[in-house]
């Protein structure tokens with residue numbers, strides 16, 4: 001596709017990922033239309049057009065997309081039938097709906113890895129609670145809902161026989177526990193022409209309770225061989241899917257040096273948020289370039305970096321207040337990305353902080369300072 | 001001022017400088033209101049509120065600013081009486097109106113440098129055409145209009161006796177021609193608390209006809225001593241003014257190694273556009289931090305960089321078309337900033353391109369490629 005500012009890009013979803021995608025699109029002067037059921041969604045003020053509507057509804061999506069040239073998503077849980085029909089009508093829909101179907105159901109996703117010899121933790125498909133109990137795996141193991149999970153919901157640990165009570169009755173899968181050393185991620189971009197790039201491997205640290213990324217470092221502290229291995233596995237995964245757009249590939253590095261795919265996200269992802277400041281091109285700009293079939297950007301890092309998620313404090317619900325922000329802004333190489341959400345809730349993703357520092361120890365110190373200092377509270381708490 | 005997302009920032013002017021300021025404000029979740037007489041100004045779609053109105057009109061500015069906590073400008077040519085009255089009412093107005101008055105009239109500006117022993121080219125104040133002719137300076141010299149000049153308009157060269165015919169009849173000044181080696185610039189930021197930072201010195205190359213910056217490099221190719229000299233002169237100038245916000249200081253490096261102030265701009269400036277990609281903090285974010293009295297950011301460069309202005313091609317007026325954009329996007333480390341102007345005109349600033357490359361020769365090659373390849377034309381030409 002030749003570069004044109006006359007194309008209209010429709011985004012299903014108006015959350016922070018859409019917001020940062022629009023921020024990238026502003027530089028390219030791309031006309032953006034976004035849709036979200038939340039009338040004060042993060043995209044509301046910066047989209048050229050904001051539609052307050054339900055992206056899970058067939059008719060709403062069809063009518064939303066009517067005047068769009070390219071359609072993309074910032075959340076997977078959208079009406080796939082509509083996307084499939086739009087694609088049949090000849091609209092550019094990226095990522096492709098067929099890939100969204102494969103990823104949406106964790107059972108199909110896992111089977112896809114197995115079918116394509118992509119390394120992943122051992123699993124069995126379980127049609128109901130009873131099948132979970134009859135699994136050949138030894139306890140403890142993981143039980144994952146096929147469809148409908150998000151940010152840790154729909155994933156649970158089965159430790160003891162008592163836990164079988166909470167096993168999913170809906171179609172799910174059981175997965176062997178991975179004794180991992182680190183959790184890694186690579187964001188891959190593939191354009192319509194098939195050009196492919198990867199961002200440097202990141203190392204993620206999860207919040208123990210919220211099951212959300214708490215912070216990450218880039219590049220991951222792993223040797224060159226493992227870096228290559230993770231990078232080429234991520235690339236291979238994107239190529240197997242044949243995706244157009246971004247694919248974030250989350251991986252486990254096991255204690256014996258294996259790299260296993262954990263799961264993928266076919267869109268900008270939390271594991272690429274540091275790229276907004278730490279790389280010559282950001283994941284958001286790269287997604288735009290990929291789906292508009294423009295040449296992909298240079299993913300080189302400007303230096304070691306980190307990203308800290310700003311989650312709403314426990315016990316605080318109401319108008320958000322960013323306590324300690326001035327102190328954090330006093331650190332060199334620190335930049336805030338607030339998502340424009342008026343209301344904070346426990347563990348709600350309210351923003352993130354990027355840190356760039358050539359010295360890895362200073363980087364860690366700054367991350368710790370940010371984590372200890374900056375709190376999203378509510379005045380009405 | 002403590003960090004708060006509840007403050008409302010009003011910007012007089014809705015052009016590209018305001019647009020990039022808003023882009024920085026999005027990350028800070030600052031509420032922005034902008035005003036411009038052009039109903040389709042670059043800020044229109046991304047400001048929380050856009051007022052289509054005349055920022056030169058006293059009443060319009062007073063009513064626009066009524067619900068704003070902080071007021072700033074992105075163009076100097078605004079109603080200063082209104083800004084002065086708003087300041088008297090206790091509003092934060094940055095840069096301060098008194099400084100805008102000093103800078104607006106080039107005669108007062110030059111006298112200010114002389115009074116403060118800030119080095120600048122020799123000058124004489126001339127009240128009319130006749131006084132220009134009677135100047136003690138030898139031809140050729142420069143004749144600058146006191147008020148009303150912009151982007152090269154209001155500045156002319158008096159080469160021969162015949163040129164005295166076109167000398168300004170309005171209050172103006174005459175200035176000795178500077179035999180300069182390079183044109184340099186330093187963007188300084190000073191916060192309300194008096195914290196001060198400078199961006200690395202840049203070297204500007206002007207378009208021979210349009211009298212606009214055609215491209216620039218950072219850091220300037222000058223020795224450490226001259227770098228220090230330019231940096232400290234810029235800092236000293238900002239301190240003499242006592243400005244809160246950005247001050248771009250344009251300087252001449254003469255052939256005998258002197259550094260002279262050419263002129264200043266009390267706002268984000270073309271000579272800082274590369275900082276959007278080339279520095280840990282951009283000039284726009286730094287301006288926000290300064291006027292909101294937040295700690296200033298780290299101005300360190302991520303590497304050598306360049307910026308090429310995208311000017312409308314001569315002979316083209318109408319809907320803009322960015323010819324060659326795909327080829328330019330294929331270069332590593334290149335990023336476009338388009339200003340969202342629907343209509344191109346000869347020499348209109350339509351956007352700019354930043355280039356980051358660790359190798360200075362490659363940087364120059366890329367700049368040349370961008371200049372030769374990317375053309376803003378009109379389909380209706």
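The chain as shown is numbered from 1 upward.
Including glycine, each Cβ sits where the backbone N, Cα and C put it.
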Quick check: of B:106, B:221, B:229, which does TrEMBL put in the same ATP site as B:144, B:175, B:176, B:177, B:178, B:183, B:262, B:263?
B:106
Check residue B:177 (ATP binding site) against DSSP and tell me helix, strand or coil, would you?
coil
Report the member of B:175, B:263 (the binding-site residues) whose C-beta atom has the most other C-beta atoms within 10 angstroms.
B:175
Listed binding-site residues (B:106, B:177), ranked by Cβ neighbours within 10 Å, top entry:
B:106
Around residue B:183 (ATP binding site), how many other CB atoms lie within 10 A of its CB?
20
Listed ATP-binding residues B:106, B:144, B:175, B:176, B:177, B:178, B:183, B:262, B:263 - what's their greatest C-alpha to C-alpha distance in Å?
19
